[in-house]
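Asks: Just passing along the structure, written as structure tokens.
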Amino acid sequence: KLRGVFTGWVQRTFQSTQAATASQNTCAAADDKATSPVPKDCLVCSYNEWDPLEEVIVGRAENACVPPFSVEVKANTYEKYWGFYQKFGGQSFPKDHLKKAIAEIEEMCNILKGEGVIVKRPDPIDWSVKYKTPDFESTGMYAAMPRDILLVVGNEIIEAPMAWRARFFEYRAYRRLIKDYFNSGAKWTTAPKPTMADELYDQNYPIHSVEDRHKLAAQGKFVTTEFEPCFDAADFIRAGRDIFVQRSQVTNYMGIEWMRRHLAPDYRVHIISFKDPNPMHIDATFNIIGPGLVLSNPDRPCHQIELFKKAGWTVIQPPVPLIPDDHPLWMSSKWLSMNVLMLDEKRVMVDANETSIQKMFEKLGISTIKVNIRHANSLGGGFHCWTCDIRRRGTLQSYLD
């Protein structure tokens, strides 16, 4: 009997040891899989705005809705359009205009493909659906401007937290794509999502005219507070190890500091500022188009421009835009003419109607790929805004040292 008890104990102990070993082996295999190095075929890799473009996300105008006229929207739009927002907030943008914008972007995608670029698109979503959080209610806006919400730094995709309540759930249109890129080996980071509670905004921000904005911007006063981090990705522009950002109506210092800490020590984040009455997104004010080559808006001079000149950069002032005064620009200025997309150092996608800037590029030895996106401009962006470059053929370098 004693022999039987002992034999049973040995068998149970052996089986338990086998099970534990198998479990450890399984966990080890899982750990190896989870911590494996980034595959060589990772689809995401981009360090600047001008290396040869291989893959890009292009936004969608489908189902685009006018955002509700909240305080942060008022602070970022021109007074001539406030009545438009008050009347149509939460509803579709004019259907005929949207139809033309959709056709323009489809043609833009076809041209990009013809230039050898892989084009990806976000998912269509019904942006008119109302949503509610513990802090606010809103409807959505669109997935037209991937540059606003996604920032690619090396092999990492960073989802911006955004600052408009109407854009709180905009990331949903891109999640399918981002998961695919993650599965190919990319890093995927979502910045802290703000509550967008009333405390994030100066509810009494005193804007009545462009003159008011000049005074407030000069005093460093913005509609967003420092209650919690917020930023739009389009307030950052990349030049290898150096990334430049502005404090704007949608990007606060807490958001900039989060990015600075997150990207350190491999990247340096520099704050630059401009004489701009309505700072929202940097790429129609300061657009880096090549190594040591930058377009600087003459209407919004950079306060730190000597930093770039001392580093040997060439600073170019683009010509005055040609877009007519009667063309609706509900969320932007005419300076979308300089919001161009570089396909490489010698090719640029530019508005077919902006002949002056085309001549400027030709003098620089850069050939222009002309595309008409006037109706798409009305939704708030040029070529740089409507795209997010996922992969450019190049390496990490320093251009400021």
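Just so you know, glycine gets a Cβ as well, placed from its N, Cα and C.
Pasting the feature list from TrEMBL:
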{"type": "ACT_SITE", "residues": "D232", "note": "active site"}
{"type": "ACT_SITE", "residues": "H281", "note": "active site"}
{"type": "ACT_SITE", "residues": "C385", "note": "active site, amidino-cysteine intermediate"}
Asks: Please report the distance from the Cα of H281 (active site) to the Cα of the residue listed as 'active site, amidino-cysteine intermediate', rounded to the nearest angstrom.
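Replies: Per the Cα atoms, H281 (active site) and the residue listed as 'active site, amidino-cysteine intermediate' stand 9 Å apart.
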Asks: If one measures from the C-alpha of D232 (active site) to the C-alpha of the residue listed as 'active site, amidino-cysteine intermediate', what distance in angstrom results, rounded to a whole number?
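Replies: Computed Cα spacing between D232 (active site) and the residue listed as 'active site, amidino-cysteine intermediate' is 11 Å.
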Asks: In sequence order, which same-chain residues at least six apart have a C-beta under 8 angstroms from C385 (active site, amidino-cysteine intermediate)?
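Replies: Non-local contacts for C385 (active site, amidino-cysteine intermediate): G59, M145, R147, D148, A234, H281, D283, L336, N339.
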